[in-house]
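Novice: I have a structure I would like to understand better, so I am pasting it below and will then ask my questions one at a time.
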Amino acid sequence: MLGRKSNGAAQVQPTAPVPAQSFRFTTPVVETPGIFILTGWLWRFLRALVLLPAQFPVAVSALGASIAAYQFGGWISLAVLWSVVDLVLLVWWRRWPRSFRDVVALRVLAAWRRLWVYRRHWQPVLVVAGLAESYLERQYLPQIRGVACSAWADRVRVRIVAGTSPADFEKRVAELAHGFGAPSCRVEVRGPRDVVLEFPRYDTLADPIDALPIPEEPDLSALPVGICEDGEPWLLRLHGTHVLTVGVTGAGKGSVLWSAIRAMSSAIAAGIAEVWAIDPKRMELSYGLALFAHYAADAESAVALLEAAVAAMQERAERYAGRQRVHTPTTRDPFTVVVLDEVAFLTAYHPDRDIRRRAENAIATLTSQGRSVGFCVLAALQDPRKEVLNLRNLFPDKIALRLDEASQVDMVLGEGARDRGANAHLIDPELPGVGFVKLEGSPIPVRVRAAFVSDADIDAMADAAAAAGVEG
């Protein structure tokens, strides 16, 4: 019967509505004529041939001279030519080894490593690291613009893909280092789409550094306290700044403090510099009592010392007001360094709230007003969290030794420092004194190692200071 549904009738589901879609356009595919492809290949070949002498002048000159010698006198002339070249290179290497290294050896090494290490592995490493980009089924890779070798590292200049940023490389320094077999990798931005990847070939800071010689006339804005990764002296600025050193127990904070004191000991003996020391542990700075103008170990005397430093600073600022803008160390107004070991003991860990408040106020006053009148705070700390020391941003120069956590790197050296290669949380515990330095006005962290000042070195410094009449 019409209008009555049979029990055996098939059930039909209603059709789901199709969502509205906009038109999608695709790029038309046009077959490229073969003559265009051949012309492009020929153009690239001729361009590379013309630029070859400029890119590889030594190799092209050697090849041209060899061909000319062979055409002139056959194999004998060619053998004579290369015998003379070998003799010249041997004499050059023996008489002027540094010049030979810079002009010949490092250039040859750079050419070899460009082909064998970087060019050979470039595509797979960058693709796996996520630095290759794709568009319309085509892959785009950053291009190697050049490779230069120093005595300790390779510097690979790279032209990055348009639409990407150097931050993409900074986030993948670990992948790049492992991909090219280097201990680490750092990224330096030279300009738009122009970055340099620095790959150390070996760890130049693996061996301990003995105490450095004491400079007879120290420059208080460039005190030698260790060496940098490139082999240059690590010159620590104290005059005109404040320095915060952060590291876990055994990271080498004492090496930084004592190396700085040692470097300025001649100025201390001359009376144009002085050290006010606070040593809550009584185990680090107590060896050198004769070097210090003032010394405090317990909390009350430490806070009194800080407040005395603030009073001396303010008295000096009052005398300088309207008369002098730049401090010059003299016996009347010596450069004063307040050394604070384990500063968190006073600012966070001491049970007396009044002690913590007074210490924090004094440190804040010194770090915010002291450097223009010749006062410097050199502090050491284990935990860089804000609740431990919320004044860390008042220290323009910071040193990150071995740290516990990756997040602490940016707490000490500033945002993005870890992405730029400052992996202080990965420093080997067997390398005390190794760390990264971030200087005022520079975003690039520098890897350094502080010299180790032994107890015998400290005793000798204290004896010399006592003989010179420095009051302890």
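Indices start at 1 and increase along the chain as displayed.
Including glycine, each Cβ sits where the backbone N, Cα and C put it.
Annotations per TrEMBL:
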TRANSMEM  48-69  transmembrane segment
TRANSMEM  75-93  transmembrane segment
DOMAIN    231-410  domain 'FtsK'
BINDING   G247, V248, T249, G250, A251, G252, K253, G254  ATP binding site
Novice: If you count Cβ atoms within 10 Å of the Cβ of K253 (ATP binding site), leaving out that atom itself, what do you get?
Specialist: 27
Novice: Give the nonlocal contacts of the transmembrane segment (48-69) in its own chain as ranges (CB under 8 Å, at least six residues past its ends).
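Specialist: Long-range Cβ neighbours of the transmembrane segment (48-69): 77-78, 80-82, 85, 107, 111.
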Novice: Can you check which residues sit near V248 (ATP binding site), meaning Cβ under 8 Å from its Cβ, same chain, 6 or more apart in sequence, and list them in order?
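Specialist: Listed in sequence order: Q382, L401, R402, L403, D404.
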Novice: Which residue, out of the binding-site residues G247, G250, G252, G254, shows the minimum number of other Cβ atoms inside 10 Å of its Cβ in this structure?
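Specialist: G250, out of the binding-site residues G247, G250, G252, G254, has the fewest neighbouring Cβ atoms within 10 Å.
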Novice: For T249 (ATP binding site), which residues in the same chain are close in space, meaning a Cβ under 8 Å from its Cβ, but six or more apart along the sequence?
Specialist: Q382
Novice: Sort out the sequence-distant neighbours of A251 (ATP binding site) for me: same chain, 6+ apart, CB within less than 8 Å of its CB, listed by position.
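Specialist: Long-range Cβ contacts: L401, R402, L403, I427, P432, G433, G435.
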Novice: Cβ within 8 angstroms of the Cβ centroid of G247, V248, T249, G250, A251, G252, K253, G254: which residues besides those meet this for the ATP site?
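Specialist: Same chain, not in G247, V248, T249, G250, A251, G252, K253, G254, Cβ within 8 Å: Q382, L401, R402, P432.
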Novice: Through the lens of DSSP with three states only, how would you label A251 (ATP binding site)?
Specialist: coil
Novice: If you average the pLDDT over the domain 'FtsK' (231-410), what number do you get?
Specialist: 91
